[in-house]
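Copied from Swiss-Prot, the annotated features are:
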BINDING   ALA197, LYS198, ARG377, LYS378, LYS414, ARG428, SER492, PHE493, VAL494, LYS495  substrate binding site
COMPBIAS  16-25  compositional bias 'Polar residues'
COMPBIAS  96-106  compositional bias 'Low complexity'
COMPBIAS  110-120  compositional bias 'Basic and acidic residues'
COMPBIAS  125-144  compositional bias 'Polar residues'
COMPBIAS  164-178  compositional bias 'Low complexity'
MOD_RES   SER31  phosphoserine
MOD_RES   SER54  phosphoserine
MOD_RES   SER77  phosphoserine
MOD_RES   SER895  phosphoserine
MOD_RES   SER1107  phosphoserine
REGION    1-33  region 'Disordered'
REGION    93-185  region 'Disordered'
REGION    530-597  region 'Polyphosphoinositide-binding domain'
REGION    1106-1146  region 'Disordered'
Amino acid sequence: MSGIKKEPIESDEVPQQETKNNLPSAPSEMSPLFLNKNTQKAMQSIAPILEGFSPKTSASENMSLKLPPPGIQDDHSEENLTVHDTLQRTISTALGNGNNTNTVTTSGLKKADSESKSEADPEGLSNSNIVNDADNINSISKTGSPHLPQGTMDAEQTNMGTNSVPTSSASSRKSSTSHPKPRLPKVGKIGVCAMDAKVLSKPMRHILNRLIEHGEFETVIFGDKVILDERIENWPTCDFLISFFSSGFPLDKAIKYVKLRKPFIINDLIMQKILWDRRLCLQVLEAYNVPTPPRLEISRDGGPRANEELRAKLREHGVEVKPVEEPEWKMVDDDTLEVDGKTMTKPFVEKPVDGEDHNIYIYYHSKNGGGGRRLFRKVGNKSSEFDPTLVHPRTEGSYIYEQFMDTDNFEDVKAYTIGENFCHAETRKSPVVDGIVRRNTHGKEVRYITELSDEEKTIAGKVSKAFSQMICGFDLLRVSGKSYVIDVNGFSFVKDNKAYYDSCANILRSTFIEAKKKMDMEKKNLPIIREEKEQKWVFKGLAIIIRHADRTPKQKFKHSFTSPIFISLLKGHKEEVVIRNVNDLKIVLQALRIALDEKAGNPAKIKVLANALEKKLNFPGTKIQLKPVLNKENEVEKVQFILKWGGEPTHSAKYQATELGEQMRQDFDLLNKSILQNIKIFSSSERRVLHTAQYWTRALFGADELGSDEISIRKDLLDDSNAAKDLMDKVKKKLKPLLREGKEAPPQFAWPSKMPEPYLVIKRVVELMNYHKKIMDNNFAKKDVNSMQTRWCTSEDPSLFKERWDKLFKEFNNAEKVDPSKISELYDTMKYDALHNRQFLENIFDPGLPNEAIADELGSHSLVDRYPINVLAKNNFKIIDSHSMNNSGKNSSNSVGSLGWVLESGKTSTARNPKSSSQFDEPRFMQLRELYKLAKVLFDFICPKEYGISDAEKLDIGLLTSLPLAKQILNDIGDMKNRETPACVAYFTKESHIYTLLNIIYESGIPMRIARNALPELDYLSQITFELYESTDASGQKSHSIRLKMSPGCHTQDPLDVQLDDRHYISCIPKISLTKHLDMDYVQQKLRNKFTRVIMPPKFTPVNITSPNLSFQKRKTRRKSVSVEKLKRPASSGSSSSTSVNKTLD
């Protein structure tokens, strides 16, 4: 463009600050674009505004947020501290020679006023107190900092646009011993031989950590790699062994190990085989005079099977295993079963003899309506469903038939022994009531502690003794003052009960100490030469990528303009810019008002933006993104103006992140405690991500171990990337037609086969949205909405609730015009309100009784009565495949969950059951529940496709978005491999990097245990982990393996049903293995083979400006300076050395 007065800026110099003198003083300096009268008038109106600010680029690049040193706070102020209160901020610029860093530090530490907490923000975590984005940091002093060890970086980084950025390295935390726990004389070593998923479960972690905290015991976790791949001669030796069967566990192998090493065992491994056959369990219980319900048996398999070893054990307990012939049986009538002359009348319970088969049927008497109920492993919030066609017993397989008993209070009792003299018991709602599972915030079934009667305590002791299981769970029924055992579950712990954890640890401690005394006496009397074996595979390192915790719904308005007024806001940049500072947002608001006055664009669009920006101006996290569109001459022809707000961390985020940090600390204490000495933490610059990283870090190290560690900002790795924008836009254009009438989804779209086509689902959602809009408007007009909910999260109120929903109602008022990108906003909002505004949700969408006429247009039936549910969610995020981990020959096509999704019943009863778990089970909320279900379906099958529909698109978008992060992770793992001590690197980021990184992994060709279309929703705090293990052979040669895991995060299938407390948070689902243990070089090569598929653009993150320049002055030399990788510091800085900075200048 000609005719522009240029201000010369040296191409090798970064301006530290632009002043008012840099700004145009009159419209005569502007581009010919501005020569028409309206434009001149508009720019003359803007000119006075420009006198009040100094445009400059942000100085923040990569930076570190430091946790405070110990002792700056007392315990009583803990709850009042926010991220801002507990972080020191440093901005680091690595000099070009790489020998030192300059660190700019601001203390910014202050004690929060506890009296300032509002009723709406009981945790003192209002968003106004949370640390601002990394861009809004002012520095006041400089301090020296020793150079940090540089991670292994390869030549590939020259393609990723980050070779001038500091590598993933940060100072390591050194644990403090300001409050050391008392140390006691060492007793011995506890070996834990069980599948990792069980060993690292919450109860096991708590109990083992209690055992080792005073130094009496050390633990050795055998681990899946050793258990499955190593010979028992190479398994580590121990004094005491905790071992038990679960899916995939090689029980016979563990039995051979016990015979070889003879450790003290708390649960007899051979006797655990009894639990596989319900017939044997019942025979053992009878031998010990434990009451059980009356029963009949139909064995079509020849009876229970047992090897000689197990037969010998059973004989010791008075049970003889004999072959059994198939009995004569018949149904005398529809209600009476006869087996070998003995009869049983309905209702009765039909149980498979296989102890691992939970498909249990209950048959009801015809006089009570007939039919039956199918019980199954808990799926989401269901554990059973009624089937009116269930009349005749199954004729294939072997079954036990027990007389059905009406239990007291419709409850079952779950009992947990720790030896013969201790038993903890809890009640739960029986699954036969309505099949609805009540869950707490940890995702566990709601239970209540109950006191056992003397008779029940005696029963518990007999169960523990009969099965030779010190730790053993079993189920009781209480019927008219008597108790009956109906199932024995074997090794199991109580969940989420600290008193139980304490009791269990104390009893185990005493047991182990007594056992060690006997073992030592035996050694004295009969010296035994024991071979000592250390752990074969040692946990060496961890790279973990974590999505941020719970947030408010993200909202935005997006419009495009060609007016020079909007183009001038770019400050001459030709890439995306971001504006966050409140003063700068005020200037943009003034520009919008001027543009409205001068009709510089569609008035309706401008008015929407101006009104929204005025309301949200002071909201934390409000920002404007300006995305230029260039013509063939590389000049800006229009600007996409995007106003965003929301997406702020909620009060729940603190609890979620803290809990995850505590869990990881417990894992490290068990796997390799020395890893805590070398942990590096990185975060994107967004507030919700920083907030998560900070609370996770504090919990990981403990309040008494805060040191000088840093949370380092890595925008280049973890912030939004524009590199895949064009490709993602193309994919989004493909998604729109799929939602239109008559369009069938392509095969790779993976739409559930038995669901109506996407258009019909969208159409129904639009109908439901229109219906609920009328209800909400009616209730706002006729009811006192301010009294519906007394406490609000994140400073909301009824008007803001209505504003959010009104925006969604406009987006979903026409099935032909629904934008696929709005589906995530709908699902986001619905999930948020189900957790944080449930009381208001219930009241504002209450259609009233009797139902009003507006309900007639919907009809009385749902679109479908069976909804797709993720296979992993169906199995409670457990991989139910006993062979998958033993059969290395299986490829990914046979991996668990290859079908991905199955249909589950979504029917609800027509009348609310008094024992029902949720107010939303009432018929008047049938449409609201349907809306939630259908929004979930659309979210699951539409939103992940924004990152690619075809495999090629998924890989390309994945690489363009997360290639720098993927490369850095491999560099980190290589660095860990070469270290003598273990290490951990944690990356905190947002959803897009989680999905795209997973797509890279899946497209790399690494054999996976979970098919990609079986991956569940990746919710808040979802994680991807790379675990590194090391083995050293006799010659000193080292081998390394990698195992990939993932967690779906803080997820619930049914947010309307989960029972909440005031914290409104859902716990994190434990990690599940994506792969077996694989050779490290193999994994790295598989991933690197895909890296060369794309070439990263020289710049792929948005410019962040602190003050928009409304003059639209073209500055070619400035753009030139932005594009270079090495920029010299001005001479005034006192250094002539070049500075290596991030290519992205803010």
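Indices start at 1 and increase along the chain as displayed.
Quick reminder: no glycine exception, Cβ is built from N, Cα and C everywhere.
Here the features listed in Swiss-Prot are painted onto the structure.
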residue	record	Cβ contacts under 8 Å, 6 or more apart
ALA197	substrate binding site	SER246, LYS878, PRO1070, ILE1072, SER1073
LYS414	substrate binding site	ALA425, GLU426, THR427, ARG428, ARG447, GLY473, ASP475, LEU476
SER492	substrate binding site	TYR416, ILE471, CYS472, GLY473
VAL494	substrate binding site	PRO203, TYR416, HIS424, GLU426, TYR500
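The average per-residue pLDDT of the prediction over the region 'Polyphosphoinositide-binding domain' (530-597) is 88, rounded to a whole number. Secondary structure from DSSP puts VAL494 (substrate binding site) in coil. Under DSSP, the residues of the region 'Polyphosphoinositide-binding domain' (530-597) split into helix, strand and coil as follows: 23 helix, 22 strand, 23 coil.
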